[in-house]
């Protein structure tokens, strides 16, 4: 036995991975298992070219010594030797060598070898789809170590993902990380052969110089590694990481002249790891091995860095900005809305800048002044000179001391106006004085419309031809960009400012490089997206708080620094919380130290240690203000931790721990953050005596004492009123303030305040139970505070004190101080004299509780007792008060917007409280409404007051009341429900004044009228009113008499609004209305009747479309009246009709429905529907109709809403087919854009929902001449109802199966059918709402949603609906069916074609087969699905006459049935499963017909579901025994065994007949016994049964 055979016996080959044969060698790679069971990889190689190699050596070498040297070199260069040598190094990441065996030929060359390596079970890099960036960086570092070891030895030549193997492991946090190992050294070569030009490697990873045969150096491995890393970066799972490394990977793929070597790459990675102190915390080096790799590389590089004679040329990724060149240390991108660059100033370029400043101070001063004016518009002319001088000094100082200057550039890009304004608000907050001393404040903000730069625009330092080519490309791009016309003024201004700066630099230096730099700089400003560019200069030696800073510090130093850091965070967080800007807090109080920076002290304030270094305790702290992209800007703070320290820094100080724990406990109660911070400050001051010894904390204690003094005064005044237990004791449920109900879109409970007198003041406490959105609690408090800051009027508005959550229950208390006049009214009487009237929400009149009903009754009685004049006077008084209050409210908003520039301006959203004093004088007060009311309810507030005064008579007494209500709907639908629409609504207080004044010209008082200055002659104005201010999308313009609406770019006066149909049961809790608008065009004065229809609820701007088109009429009669034109988008449709006086009495289908909108079967509705169907069918497109409407993808031009002019001239109905379908069947087809597809099943399908409606009302239709006239049209013939006359019921299942006569030709020619009910669509209303549109043109599709049963697979409604259950005597286990229905949702994912009604599917598939019932058609009536089957004139075997049956006929019956069942099984793959005498029909000529396929199944369906296979369907006494006993089942797999249950059922039928008719045939008895063996394996199959019958 040879050595190789002995060696191979040690391993058992499991799998051959690869086999390679060529002229040079034969390779066999396999997975094997050693004797211990451990997997490994065997690689066996046979070298076939040794003789040729030896000949080459002899030609190239002159002596034997040289030949032997070449032989040794060739043997040493073999793969297993490289692997053996490098894998023994612990620091390398190379596949691990285990052992090998080799043999040599007679020349001394290795001719065969087998070597063994470790097996890596997780595959290679090519197999992973996602990878974290920290794993990519760790891979990079490990490959750099490998390449450093290879540097003077070998070139790998085939680095690629397929040759880097993986091993996954879990770190301490339980997260999966990757270890990588480089393998496959078969292509490796020693540097001895570097001048060779062998083309070896994988195409996409081969360096260009190899392909061009320019020789091999170790730079080709750098290229391959760069390509590998770039391919992996595309699979990165994160979106926040330092993208500067991506640029480095690109540089690694440069041409070899500019490609960095391994030493340069190592130096770059070590340097950039050190520079992390200037960046936000990223996870690039968080892999457990990354720091180890960096430390090793630093040690390897020491000698190279100290080499002064041949210094290492460093890699710099440079960026030019505003005339300076910077080293870019980091690029972080958060999605596409935010880029962040960490820049370090070039020292060489700084000297140039110093010269520029010294020689050209005037130019620089002007430029600096311009920049300051851009960033601060509040500078006045008197201060400009001083500012210029200061700027000069500052700039000169900075330029003299800016070596190593670090600049953080934050680019916030947004394409959305709202997002952009929020970002500007964020900038304004960070510029505010409250954060001046706490954050890096001396930043610059550039506002423009062009992203300043992108990662792909970073210019890397290059040399030679590449640099010249890059300059040419930049100049070319600049020339192209100059030709682009820039429309945006902000962008023009930005470009002019930058050009001025660049031109000055060009004039001073006269340097071509500077010209090119300016061109590059300008080329970055050519985009239409808005952006904010924030430049944050950080002082020299500023650094982030992290572990290494404190590793050598003593305990006292660590304690002082941690206290200063958390005090700094607490002070900043408290100041930010006062502004109500919650989104900033979560980045201040919990950022793992990413935003907290040490700042070096001023030279005069420094204290040095013994070694001359500045003491850490003298460093201050500054926040890098947390600019985040807009997805986080809007969100409130949701952090429950005060954790500003990185996890690597342990917290030991007890005060810091107490602060963190207290914040965690209190923040979970969702009380306002300002309150939490105030209490934390009190905790800090409690320990002040202990920490006074640290002078470094004096500043913070001074600030905290100032804050706490105000807070303690507030606590003394309120005596802890907001504590939940104290509130509970004070509340008296009998003492309440009722709040006037408001116009809102959803039913809510009545609002009220508990009145609490306390400490010489009176408070109102608002209580909320079961807060639905607990995270909104703290955010809501800030909204209230901002609202009250805008109002600033405690005489009319409740003053918010504080809020509290009871930890032990879901109760929230909001405490307000009552206005003084309201409080004095309470204190002056022994009982509450705030006699508010309270009316129920008018949406919910039928669902009120008893208290609400009593309030309504009292209110209505009081109103009836008063005269109309008294009510009128009271209404006038309150409306005047409210108008003046609203004017003041709007003025306050204008003032606040100008002075404060808040992030969000709150709209009107107030509780209305009406009081009456002892002098019978009513007054209005207001409290901010937290829930239940949309912000646009200023219109509805006037309606509320009228509703309070007049009660339910309001809309009858005041004709403008309905208009007010509907105007509020119109505004609300524009604003709250769908913000993305093409139309706009305009109104003003003067408009509301005019509306109410139509009822009474003396309604308003003079001072109000004079203050409004209404323009009565503005009806013909040509332009929109000048905007005074804007709240979201509602425009409050100049005073005008009429409200206005802008539709499709045309402005109309709103003369009147009527309410149309309402989708009351909308699944989102909303009511999608049709509003009837009477409009007057401003320019032409034409009047229109416009139907505004809300269709969808899409808020995505991309789905918004505008389409204004004139309808092409296909029928031109006077029945269906189409609009003149339609303006529509994806959400709203406007149908415009030329206004006529006859339109005053337009009605909807609701006017003709019976029993309070529950019956839509009236003859007028039936006629309208038939007219519409005729109209719909006549409006299909024709290919030759000349239409070029590319926007209309439907095949039908008909509209969903039309006017129907009834022939009797008694009514004009607007018919919305979607609304009618919704009312009839609960299917909201407006939720889908597939209008034609839906209508094909609703209308054009036969049968369909419409045919169901027609068939249900057939008696009314057949007795109405107008309906018959409509149905006589050739398009409508198929909709004519079927005339059915029931002859008799099949007794065993009452009302389910009947014999009927059907008029099939329409001429009273009747044909007999068997009609069977197989399901129902009663549940369609619920199903349609929950699951969307349903195709009803195919009955099989109904089964997925509606038709589930167990015994006969009937509809759910058979078991859930009592009436239907009583109607059909199903003889099934009711409880069992209910349990079956509970699993209803499981069926939604099943294949529709194989589901119920299965009987219909089966009968359709066997149509034409002899011996089975034949289906004719199906139809819908009264929501029941019926099938019609050909009538079989015979008897069933249960009722068959005794004269017909004998032994001969029994053999005939058995023979026919066995063949029918065999054909069903073999040809159609169907099993009947319910064989019994009732289901077998026979004629006098002994012809057999098999019926009732209600529980039949397709074979595939049965054999894929064992539970279904052995289900207990069918009839007891005829079921196979293996259904009930598993012991009797066959031993084989049900998928492969024949189905024998029908054989057993047939045996039971024959047994019944043989017993009933006294059969004496022994052969028949013997055969039937074989059919009836209880054990499945013993029973004969259908095939065997037929063979036995053929032998008889």
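Every residue gets a Cβ built from N, Cα and C, even glycine.
Feature region 'Disordered', per Swiss-Prot, maps to range 837-867 of the set 744-774, 775-805, 806-836, 837-867.
The stretch that Swiss-Prot tags with coiled coil, taken from the ranges 287-344, 403-460, 461-518, 577-634, is 461-518. Taken residue by residue with DSSP, residue 8 (ATP binding site) is part of a helix.
Straight-line distance linking the Cα atoms of residue 2 (ATP binding site) and residue 158 (active site, proton acceptor), rounded to a whole number, equals 34 Å.
DSSP gives residue 43 (ATP binding site) a strand state. Sequence-distant neighbours of residue 1474 (active site, proton acceptor) (same chain, 6+ apart, CB under 8 A from its CB) are 1492, 1494, 1495, 1496, 1513, 1514, 1515, 1518, 1545. Model confidence over the domain 'Protein kinase 1' (1-302) stands at 80, taken as the mean pLDDT rounded to a whole number. Between the recorded positions 5, 158, the minimum number of other C-beta atoms within 10 Å of a residue's C-beta occurs at 5.
Within its own chain, residue 8 (ATP binding site) has 42, 114 as residues 6 or more apart in sequence whose C-beta sits under 8 angstroms from its own.
In sequence order, 27, 28, 29, 79, 80, 114, 115, 116, 117 are the residues near residue 43 (ATP binding site), counting only same-chain partners six or more apart with C-beta under 8 A. Between residue 158 (active site, proton acceptor) and residue 5 (ATP binding site), the C-alpha separation comes to 32 Å.
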